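Asker: Can you keep this structure in mind? I'll have questions shortly.
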Amino acid sequence: MAPSLEDATAASLAAPARAAPNLVAPEPEHCPGPESEQAGKSDACAGCPNQSICASAPKGPDPDIPLITARLSQIKHKILVLSGKGGVGKSTFSALLAHAFASNPDSTVGIMDTDICGPSIPKMMGVEDETIHVSNAGWSPVWVTDNLGAMSIQFMLPNRDDAVIWRGPKKNGLIKQFLKDVEWGELDYLIVDTPPGTSDEHLSVNSFLKESGVDGAVVVTTPQEVSLLDVRKEIDFCRKAGIRILGLVENMSGFVCPNCTHESQIFRATTGGGRRLARKMGIPFLGSVPLDPRVGMACDYGESFVDNFPDSPASKAIKAVVRAVSKQVGEDPNHVLLEEIVV
């Protein structure tokens with residue numbers, strides 16, 4: 001039986017700051033969440049039978065944090081993928097990263113889509129029509145291949161074109177359920193694709209994963225200053241939130257002709273691009289990935305670009321980034337990918 005989106009409205013799925021109070025009536029439509037800091041105080045609470053209960057509920061540590069820590073204890077590395085601005089190819093890069101790690105059959109990889117309002121990972125993985133199955137062990141990820149699993153709100157939507165119009169507490173609740181109830185099993189890598197910017201989702205993921213340990217974040221940008229401007233804010237967010245920055249990736253650094261593989265510059269780095277920014281901000285530069293039209297085609301068809309076009313300059317660049325990321329998390333970069341594709 002697949003879980004329902006209505007499950008995410010339950011009190012147990014709200015923000016992590018408080019323990020769930022015992023309600024005397026169903027939550028109203030615009031409820032901020034009975035566990036949120038605004039419970040019983042927001043305008044939406046006026047006239048609600050639960051208002052006094054929510055307002056007086058005691059604060060305390062989230063009882064689900066130990067459950068999340070136990071659930072994720074068999075995951076070796078947890079990597080966040082962040083971007084300051086939308087449209088830089090962050091989700092595409094997350095999918096490429098997951099496929100590249102999973103190209104080694106000895107590695108087991110998961111990718112979790114925390115972009116609640118704009119999920120795209122299922123499409124890129126070729127599993128958008130799948131649903132989540134629930135067993136006594138928990139929610140089962142949708143397995144793309146034998147060693148690559150995915151989890152997204154997309155699997156819970158009755159129609160793939162349905163909009164998800166949720167306030168922060170409901171988003172936070174579903175992210176918590178992804179972490180607490182999904183039975184990933186033993187994973188070498190869990191890639192967490194996040195929305196652009198610094199929103200509730202980022203705060204929730206960081207809060208929920210703090211005890212279980214996050215290796216760090218890969219920040220994605222494009223060469224233009226308009227993207228770098230927001231990336232500086234993202235880096236500042238990571239530092240304030242205590243998230244280790246594994247490094248910066250410059251996406252769409254050039255254009256690769258699929259016929260002759262010649263690379264041209266289309267988004268020129270007017271202020272030095274990602275490499276200069278990384279040096280200035282004191283963070284590792286993981287590499288530049290050129291734009292290859294076949295990346296979009298592979299994502300549309302839910303296929304692995306790295307496996308299908310191994311000789312593309314973009315594939316080689318992605319593999320170099322994978323090695324750099326693996327080195328940052330303490331793995332031998334020469335044993336992450338298959339032997340025949342290791343330089």
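For all residues, glycine too, the Cβ spot is worked out from N, Cα and C.
Unlike curated entries, TrEMBL annotations are predicted automatically.
Features from TrEMBL:
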- CYS31, CYS45, CYS48, CYS54: [4Fe-4S] cluster 1 binding site (BINDING)
- GLY84, LYS85, GLY86, GLY87, VAL88, GLY89, LYS90, SER91: ATP binding site (BINDING)
- CYS257, CYS260: [4Fe-4S] cluster 2 binding site (BINDING)
- 1-26: compositional bias 'Low complexity' (COMPBIAS)
- 1-43: region 'Disordered' (REGION)
Asker: So, three-state DSSP: helix, strand or coil for CYS31 ([4Fe-4S] cluster 1 binding site)?
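Answerer: Looking at the DSSP assignment, CYS31 ([4Fe-4S] cluster 1 binding site) belongs to neither helix nor strand, so coil.
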Asker: Of the binding-site residues CYS48, CYS54, CYS260, which one has its Cα closest to the Cα of LYS85 (ATP binding site)?
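Answerer: Closest by Cα: CYS260.
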Asker: Using an 8 Å cut-off from the Cβ centroid of GLY84, LYS85, GLY86, GLY87, VAL88, GLY89, LYS90, SER91, can you name the remaining same-chain residues around the ATP site, in sequence order?
Answerer: SER83, PRO196, VAL220, THR222, SER227
Asker: What is the total of other Cβ atoms whose distance to the Cβ of LYS90 (ATP binding site) is within 10 Å?
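Answerer: The answer is 26 other Cβ atoms.
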Asker: How many Å separate the Cα atoms of CYS48 ([4Fe-4S] cluster 1 binding site) and CYS257 ([4Fe-4S] cluster 2 binding site)?
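Answerer: Their Cα atoms are separated by 60 Å.
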Asker: Which one, from the binding-site residues CYS31, CYS54, CYS257, CYS260, has the smallest tally of other C-beta atoms lying within 10 Å of its C-beta?
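Answerer: So among CYS31, CYS54, CYS257, CYS260, the binding-site residues given, the one with the fewest Cβ atoms within 10 Å is CYS260.
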Asker: Determine, using Cα-Cα distances only, which of these binding-site residues is closest to LYS90 (ATP binding site): CYS31, CYS257, CYS260.
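Answerer: Closest by Cα: CYS257.
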Asker: Let me check the 10 A CB neighbour count of GLY86 (ATP binding site). How many other CB atoms are there?
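Answerer: Step by step: centre on the Cβ of GLY86 (ATP binding site), count other Cβ atoms within 10 Å, giving 15.
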Asker: Nearest to CYS257 ([4Fe-4S] cluster 2 binding site) by Cα, among CYS54, GLY89, SER91 (binding-site residues)?
Answerer: GLY89
Asker: Between GLY84, GLY87, GLY89, which of the binding-site residues has the fewest other CB atoms within 10 angstroms in the structure shown?
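Answerer: The binding-site residues GLY84, GLY87, GLY89 were compared, and GLY87 has the fewest Cβ atoms within 10 Å.
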